[in-house]
Structures are given as structure tokens and as C-alpha cells.
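Under the heading compositional bias 'Basic and acidic residues', TrEMBL lists 1-12, 51-69. The region 'Disordered' annotation in TrEMBL covers 1-84, 127-172. Positions annotated as compositional bias 'Low complexity' by TrEMBL: 127-148. Look at TrEMBL and you will find 194-573 tagged as domain 'Amino acid transporter transmembrane'. Per TrEMBL, the feature transmembrane segment maps to 224-243, 263-282, 302-324, 336-359, 371-389, 410-435, 455-477, 489-511, 517-539, 551-573.
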Amino acid sequence: MDRDEEMGHGDRSLLFIGDEDDDLGADRDGASPPTSSDEGSFSERSDDDARDDRGGRGGDERDAPDDCQKGTWPQSYRQSIDMLSAVPSPTVSTLMAASPSLTKFGSSFLKAGSSFLRKREGSALPLTRPLLPPSLSQLSQSSMHQPPVKQSTDNIGLPPRPPAAHEAELPERPSRACLKSDYIELPPPASKCSSGQSIINGFNVLCGVGILTTAYGIKEGGWLSLLLLPLLGGSSCYTGLLLKRCIDSSPNIETYPDIGQVAFGIFGRIFVSVVLYLELYASCVEYITLLGDSLSSVFPSAHLAFTGINLNAHNLFAITMALAILPSVWLRNLSLLSYLSAGGVIATVTVIVCLFWVGIGEGIGFHPSGAAVNLTHLPVALGLYGYCYSGHSVFPNIYSSMKDRSQFPFVLLFCFTVVTIVYAGVAVTGFLMFGESTMSQFTLNLPQQYIPSKIAIWMTIVNPYTKYALTMTPVALSIEEALPQRMRSYLVGMSVRTCLVLSTVAVALLFPYFALVMALLGSVFTMLVALILPCACYLSIKKGTVPLWEIILCIIIIMIGVVCACIGSYTSINRMISR
């Protein structure tokens, strides 16, 4: 049976948070959680679960994107995208109280370690929102020893959904759908994020490898091209708020594909999902190119000549690093890797410090040069700057996981303001240091004999290595759940992931132009995801209630996005072909 037929509703059946209302009638036979022997597929659910889910809910198609719809692919989007941000564990305070000395290792380590220890030791789970829903027998036994707990406040701030007639008198029970779901072995976030944690998540999303090319953007577009940074940043921040308003329009909307479905039906959901997955896939291609460039700068004389095959340093390291990354893509438990990926903010800060260290402490200095504006190559700079704000695919997840959702506008504004200042500062510093010789990644310009240069290079290598598997997992899961039920085996899943990794290597070797490929991604996908789609979905969902000035503003942003996408993609593709 296809996933589409098995799941009577959309992402809500597999959400990390806020599923109690949908799960009242899901587990009626007292089934216990699957054991470690219940393996064999990346995504499986029984026909009984599907019948339970289909009978559990009803509603209006516009207000509930997951109701009365078949084929609501993808189901795994929420779980897989949540891995890209660090969500605090509910038992951190308990562990800290038991072992205060653990605090020095940092909250992220505690979060990862606490969930890992719970799996290893099988300790009793807290009743206030368990990481894995216990069986009915476990609930009955626990209730004899534990005082009653308060009702979950996961959906705080949202109007409660009235229960269906057949659900009204049923006790709240764990979701059998969640028990049987086998997409990934990453425990759902058991508690809501504070505003501080949400800011860290936002920085982790926005502070990516795009910062390496901002100095090259000034070289391509001139000094006046820096005006595009606040323009794109302000527009992206505004469209992020539009996504929030779309989510607030219905309690059933949690993710970007949900927004697309409410706005334009099932085809809108599929289109939005495909665009988001292509963006993630292209980011993995960029990671391979970045690893090849960085390692070849450290070991420029490396090469391989074997049976007529000659590989230069870039190609050799691109293939080698892809093979090294491959086992991490096979992993089904990516929880520890997700916390390592959250260290991307630390890696980015380290690279920035090293840049200033080399410029000031090592005597390279700053030398003003460059044109005011270069209209010929300005579209490339536009794409590079646009890529820096490609975080909208995760913003709905961050918003949905917040404890106090009213703080989201502040979180968004603070994150965009800080990253825009950082991007502009790094761009100015890098170009003043290296001028017209600035390369696609400023780390390639850093003299190798200096210690900060070595630190910056290796931080640049470690960052994409830890993020590759997390970025590729949503793409792999979407393909696996689209396969027929009989093909959803662990071996098939490994084959799918292997093919995806090999294909990214092939594309990276075919187009080894880091800056131009990033400019293409920023021109096409970022303009779609960050500018065009949020405005279009907002106008469709809230039509009739949007003031005239906001309609005009959204139309202007859509037009800017379309023009930038066309001009930027044409320029980037034309330059890649001419090389």
C-alpha cells in the first residue's frame, strides 16, 4: 500500500509536537512500541494504522491541509527538517541536577547525550511529553506511581480543535502512527524552544557557507552591490513573517509544504516540496565542491594516476570526501550528528575571527580598491547575496517549536539584522585584504603559513562534512516514501542514499564552480523559496483580508524575485558554459 493511501492526513501524523489531538483514536488495541527487531524498512506502517488514521479526522480542505486528501507527499518533511535545528531536551535540567559537573560540556552535548542514554539504558521516560510514546500497559503502570500531569501546552496560542463525536469520550493515548513510523530514529523535541534557543536555531540556519563568497560578491558587482544585502535581508525577513501569518491562519499548518497545500491545493504542496528538496540537493553539491576546493588548497600536489585515470587534487578530494561521508548518510540515528551540525555557528564565528586575525595580526593589512559598480557581473553578486538568506524552509519549523510564538518576529528581526551586519563586515574585510585577487572562497586566499589560516581552512572542511548527511536525509526520505510499499526495505534505502551521494559527486565534478553554482542557487531557489512563494501563498490564503498596501508590497517583492531569478540564472549559466 502506498504511503499516500496509508496516511489519511498530512504532516501532522508525524509531527514532533502537537499531535495529541490527532492521536486520540490511533492506538486502541494496546499495542506496545516496536522493539529493535522490528526493522526492515526506512518507512513502514500497517494497514490497521491507516484505517485508524483515516477514520480519526475530518474537516475542511482549505483549513486542514492534511484532511480528506490522498497523496499528501511528503510525510517525512517535518521530522527531517527538524534535524537541521537543535531542539532542547526536556531532561537536561534533571541531568544537571543529578550531575552539576556536566554543565561545563555545554547544553548541546547534554541534549545529545541525554537522548542517547535514554535509548541505551531504557530508563523510564517522563510522562510530560515522552520522547517515544509508551504503550498502554506502560501508561497504566506509570499512573500507579506518578501524580497526574497537566495537559500538554504544545498548541498554546492556537485555537483548540473540537473533538469529533466518536473521540469525545476516548482517553488520551499514544499515537500508534508515531510508534510504527520508522522514517528516522531521531526523537521528537519533547519541549518547546525558548526565544534564545530559537535565535540560535535561526543563526544555525542563516550562518552557512554563503559567508565565504560575500567578498567575491563585491569583486563581481562592485562596492555598491553591498546595498543588495540589506535589501534582500529586509525582504526575506518580511516574507518570513508572512510565513508565520500563514501558519497562524490554521492550527493544522506546521510546515512549508502545508502552506503550499492550503494556498494552492495538493499541487502547491508537491511543487513547494520539490523546490525545497532540490535546494537541499544542490546544497549538498556545493558541500562536495567546497570540500574539494579546501583540501586541494592544503594539498595542492595531490593527484592520482591509475589505469589511464588521472585525477587532480580537486577531483581526488571531492571523490574521497564523498566516500568518507557515505557511511554517515546510511545512518538511521542522526541525533548526535544533528547536534554537531548545530556547531556550524561556532565554525562560522571561528572562520570570521581567523579572517580578522590574518588581516590585522599577520600584517596583510587592508588596501582599498575595486570599482564602484560592475553591471555586467552584478547578477552574480545578486545570486551570491541571495543565497545567504536561504533559510525559509526551516523557519516554519522554528516557529512551530517555539514556546512563546509571539516572540518570533523579534527572533526573526534579530537574526536577520545580525547576519546582515556580519555578512557585510566579512565582505568588506575580505575584499579590502585581497582586492581583485579575491577567490570564490576567501579562505583560499589566506596564506597557508599562518596558524589562523590553517584553522579557518579546517573549520571550512569540518562544517560541510557534519552537515552533508543532515541536508541529504530529507531528500532521501522523500524518495523512499514515494517508492511502492514492497520496495521500502533497508537495503533499498541504502541504495537510494548511495545513488544520491554519487550523483552529487558527479554534478560537483561536472560543474566545479563554487561561486557560480552558488549564484545560480541563490538566483533560482532562494528567490522562489524566500521571496516569490511566501508572498504568493500569503495572498492566496489571506485573500480578501489583506490591505491594499500589503498587496502592492507583495506584488513588488514577487516581481523583484522573478526578475532577479531570470537575470541571475541566465548570467550564472552563461558564465559556466563559457568556461
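In case you wondered, yes, glycine gets a Cβ from its N, Cα and C as well.
Keep in mind that what you see is a predicted model, and the values were worked out from it rather than measured.
With respect to Cβ pairs under 8 Å, the transmembrane segment (551-573) is most closely packed against 224-243, considering the stretches 224-243, 263-282, 302-324, 410-435, 489-511. With respect to Cβ pairs under 8 Å, the transmembrane segment (263-282) is most closely packed against 517-539, considering the stretches 410-435, 455-477, 517-539. Taking Cβ pairs closer than 8 Å, the transmembrane segment (371-389) reaches residues 206, 208, 210-211, 213-214, 216-218, 220-225, 228-229, 232-233, 236, 416, 419, 423, 515-516, 518-523, 526-527, 530, 564, 567-572, 575 in its own chain, all 6 or more past its ends. The stretch with the most CB contacts under 8 Å to the transmembrane segment (410-435), chosen from 224-243, 302-324, 455-477, 489-511, is 224-243.
Residues 288-289, 291-293, 295-296, 465, 501-502, 504-505, 508-509, 512 of the same chain sit 6 or more residues outside the transmembrane segment (302-324) yet have a Cβ under 8 Å from a Cβ within it.
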